[in-house]
Amino acid sequence: MGQTIRFGVSLDSDLLEKFDALCDERCYQTRSEAIRDLIRNTLVQQEWEDTGRDIAGTLTLVFDHHKSDLQQRLTEIQHDEHDLIITTLHVHLDHDNCLEVLVLKGPAERVRNLAQRLTSTRGVKHGKLSLTTTGQDLA
């Protein structure tokens with residue numbers, strides 16, 4: 001981690017008032033920490049757009065395990081991309097529905113493609129990819 005540098009920011013008073021309200025709502029101790037988080041979030045979003053860069057994330061799927069061959073198709077897709085999958089969690093929500101969470105890490109384009117293949121598989125009721133950074137380039 002580098003040296004901490006102080007710098008000034010000029011803001012419109014209405015914008016500052018809204019920012020202070022956001023800081024209070026999210027329990028930031030200081031404006032500086034809120035600004036650091038905003039900068040980090042912007043840098044992480046930039047990582048997601050770089051298709052060759054490694055990213056991390058989770059893919060959450062909800063599906064009816066009674067659907068013909070669905071579990072087998074999902075497993076085959078996962079085995080095709082096993083190097084992207086760190087771990088999985090399978091939960092029985094009720095008699096019919098399952099929730100599966102995959103923790104993923106790899107090149108952004110491959111992670112997105114895997115998520116798209118799984119969520120678009122016939123029988124999947126809902127799929128949600130949530131991306132984050134590997135943390136390697138953040139201070």
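Placement of Cβ uses the backbone N, Cα and C atoms for every residue, glycine included.
Among the features that Swiss-Prot reports, Ni(2+) binding site is placed at HIS79, HIS90, HIS92, CYS98, with the record citing sequence analysis. Under DSSP, HIS79 (Ni(2+) binding site) is assigned to a helix (H, G or I) in the three-state scheme.
Counting other Cβ atoms within 10 Å of each Cβ, the binding-site residues HIS90, CYS98 show the lowest value at HIS90.
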